[in-house]
Amino acid sequence: MRIGHGYDVHRFAEGDFITLGGVRIAHGFGLLAHSDGDVLLHALSDALLGAAALGDIGKHFPDTDPQFKGADSRVLLRHVVSLIHAKGWKVGNVDNTIVAQAPKMAPHIESMRALIAADLQVELDQVNVKATTTEKLGFVGREEGIAVHSVALLLRA
């Protein structure tokens, strides 16, 4: 078995929605990114790639490559899953922590879990998504951006 950890952060920018875990959430800002800015799926992809010793998303989907401009992070995650499967691994479980002062995540958590489970080709009870704030401390507390920590357990297929 292998364990991987992923971390990503994106700052807020102009826009009226963010995408987290594949779910579009109305918000007063968007997230600045080369792709769709789905910080949750980026951290999760890094955790999966790290567990399989396959590098990180920057190696596989560089932000200098125009083909990934505005890319759907669910498509990128599904590609990561194909890479780990090709190396003889399958997902045991994943645990994700969204760190955000706003918007409120609770109404969207179950939708995120369902989409992630589908993309990982696992059962819903193998995917956890939770959210916390920083009690108004730091860049997250000042509502300048969102961070996510992800942990993935891989098992031999």
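Cβ coordinates come from backbone N, Cα and C, glycine included.
Record features, source Swiss-Prot:
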BINDING   8-10, 34-35, 56-58, 61-65, 100-106, 132-135, F139, R142  4-CDP-2-C-methyl-D-erythritol 2-phosphate binding site
BINDING   D8, H10, H42  divalent metal cation binding site
SITE      H34  site 'Transition state stabilizer'
SITE      T133  site 'Transition state stabilizer'
Would you list, in sequence order, the recorded positions among H10, H34, H42, T133 whose CA lies within 10 Å of the CA of D65 (4-CDP-2-C-methyl-D-erythritol 2-phosphate binding site)?
H34
Kindly assign H42 (divalent metal cation binding site) to one of the three DSSP-derived states: helix, strand or coil.
helix
Using the recorded divalent metal cation site (D8, H10, H42) as reference, state which further residues of the same chain have their Cβ within 8 Å of the centre of those residues' Cβ atoms, listed in sequence order.
V9, L31, A33, G37, D38, V39, L40, A43, I146, A147, V148
May I ask which of the recorded positions H34, H42, T133 is closest to D8 (4-CDP-2-C-methyl-D-erythritol 2-phosphate binding site) if we compare their C-alpha atoms?
H42
Of D8, D65, which of the binding-site residues has the most Cβ neighbours inside 10 Å?
D8
Pick from S35, T132, T133: which of these recorded positions has the biggest number of other Cβ atoms within 10 Å of its Cβ?
S35
Around the Cβ of F61 (4-CDP-2-C-methyl-D-erythritol 2-phosphate binding site), other Cβ atoms found within 10 Å total 20
If I restrict to non-local contacts, at least six residues apart, and a C-beta distance under 8 angstroms, what lies near H10 (divalent metal cation binding site) in its own chain?
L31, L32, A33, G37, V39, H42, G145, I146
Students should find that the Cβ of H42 (divalent metal cation binding site) has, within 10 Å, a number of other Cβ atoms equal to 27
Drop a 10 Å sphere on every Cβ of the binding-site residues P103, F139 and tell me which sphere holds the fewest other Cβ atoms.
F139
